[in-house]
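Annotated features, as they stand in TrEMBL:
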- 342-514: domain 'WDR90 4th beta-propeller' (DOMAIN)
- 421-462: repeat 'WD' (REPEAT)
- 465-506: repeat 'WD' (REPEAT)
- 515-547: repeat 'WD' (REPEAT)
- 549-590: repeat 'WD' (REPEAT)
- 591-632: repeat 'WD' (REPEAT)
Amino acid sequence: MAEPLVLNSVIGFGGAIENGLISHPDGRTIIYPLGSTIVLRDRTDPRSQEFLQGHSDKVSCLALSRSGKYLASGQITYMGFTADIIIWDLESKQLLHRMALHKVKVQALDFSCDERILASLGGQDDNALVLWDVASGNAICGSPCNTNFTNCVKFFNNSPDKLITAGNFNMNVWTYDGANNKLRPTDATLGTLKRVFKSVVVDANDEYAYCGTTTGDVLQIALERVLFKNTGPAKGNVQMGVTATCEVPTGDILVGGGDGSLQVLRTVAEPSSTNPKLLRKMPALAGTKVEGAITSITLADMNARGFTFFVGTAMCNIYKVIYEPATGRLKEELVQTAHNDKINGMAFPAEYSEVFATCGTGYIRLWHLTTCRELLRIAVPNLECFCVCFTTDGSAILSGWSDGKIRAFGPQSGKIIFTINDAHQKAVTAIASTADSSRILSGGEEGMVRVWRIGRTSQTLEASMKDHKGSVNCIRIKGSGDECVSASSDGSCILWDLHTFKRRTSLFANTFFKSVVYHPDESQLVTAGTDRKITYWDAYDGNAIRIIDGSDLDEVNALAVDRDGEALVSGGGDKLVKLWGYDEGHCYFVGVAHSGAITGVGVTPDKQRIVSVGTEGGIFIWDYQRPQTLADI
């Protein structure tokens, strides 16, 4: 049996999950999901991280009990299957209960004020409200919610037997009848208003609920008789809807919008000057704007000067927002950033382990490995970067883009050094640099492999090699610079002579080759692809030496070998990072954390860490563990 690979740290944040960012009452920890992993991170030190791992697929919602003792998490699963809810004990970091009733997705969770009951809401295919006993993990009772989809659930702050649900054109206050073990709903009276509700917050005294809508207004609902009372903001609706709400300790409401706007609304409304029987709309006291639709707002701290909130956005950014009621100011500060879309590739500089680059839609980002901080962000809007690498001398970051251009950027300034226009007819899908950094090799979606001579002021095409019929997915160059290998979706890998620009030999298999690496002594090649096999080849005559099953379920997308050739690392559609002994072909360690297909893996040149990236936008940093070789036995 393979041992688990130790997860050291992660870079990422599941920003698309509503109310996924939670501040712990201990004043030190913030909690958020990333794929199937739940991250407990120190507020001030991003390196101080702990992980809760137990879900089989992407985490869809989180809830924290009032004291911070229990954490509940729900997930998504496949159609027709039940999705798990897990209750964690945060004191021991252990899994307490695993419950399953809802089909496909758990939409929302919330604990009662006495921490004895957990309410869960099923997704679109389920749409049921279930109450669970926290102590035993058993279901107490349940009820179908509504004919329309229900988005959110919230317990009252002082009554453990009352809760509110809201969704598409429906809002109900539920009372749990313990004697008869029934949930009894009361419909909200909204008059002629028809709204799709996205967020609910109940005030500290259980007098009012404030419900954010896709229309862009916040409805104030009197909870005693579940009647509509007022609306806001006074000066026009929030653009792209109200996506998150949170109560400020002063009794006001902090509202986040789909356009990234943050506003504090005064909840105590004054009578209208024209008609004393009517109330004025809730006015905005302060406002600011951040990048991306706001999905989470959580109160972190309060002092004499003001209140501190953490705000999570759909662009996977976490902001610290300080509200000072005396001055009426909202100040935001970026705390953490990450990819919000799939990551297509990653690369380390030659012989340097402290930094690495990742690329995806619209961005190349440079990260510091030990602090998990973003050092540089290079933005090219509306384009997708498919591949990235460093020149061997470290003077430039090379990248291939969906518009067929090769762009080179300064690794410290991020400024563009040069652009090779029309490098390929379609997208540039693979790129590599020779050891002396004088030449670049690029592969295109149309199957061309091209060699570019890089001068001080010019970039000239030296050769164009056309033998592949499909997209070129990976290019590797020998240390001497006289040979390279290209892996393609047409089922062939070709070894090219870089003096004559002719093929030396070809490797064929019934697969789309996704990745290829040279062994450090360059006597062998290792390939992987859609046939789930990892194949060792003789680099001289192109014969297959060994074939091993890289995955039981899905394709293998990425390969990396350490600098001494002791270990081989693979990742693919099965979401597992596997560390193999190179000589034995045996899988010694398996890393479980990704919730999407792995698109890139790398071993740091100092053999201390393994970095993997995937389609969920997460960057996972693992401790390198040396495989047990035959010499050790």
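Positions of Cβ are set from backbone N, Cα and C atoms, glycine also.
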Secondary structure composition of the repeat 'WD' (515-547) [DSSP: H/G/I, E/B, coil]: 0 helix, 20 strand, 13 coil
Other parts of the chain folded back onto the repeat 'WD' (591-632), taken as Cβ under 8 Å at six or more residues beyond its ends: 3-12, 14, 34-37, 51, 53, 55, 57-59, 316, 338-348, 350-353, 356, 358, 360, 367, 369, 372, 554, 557-564, 566-567, 569-573, 575-584
Summary of DSSP states over the repeat 'WD' (421-462), given as helix, strand and coil counts: 0 helix, 23 strand, 19 coil
Distant-in-sequence neighbours of the repeat 'WD' (515-547), which means Cβ under 8 A and at least six residues beyond its ends: 473-474, 476, 478-479, 485-487, 493, 495, 505-507, 509, 553-561, 563-565, 568, 570, 572, 580, 582, 585
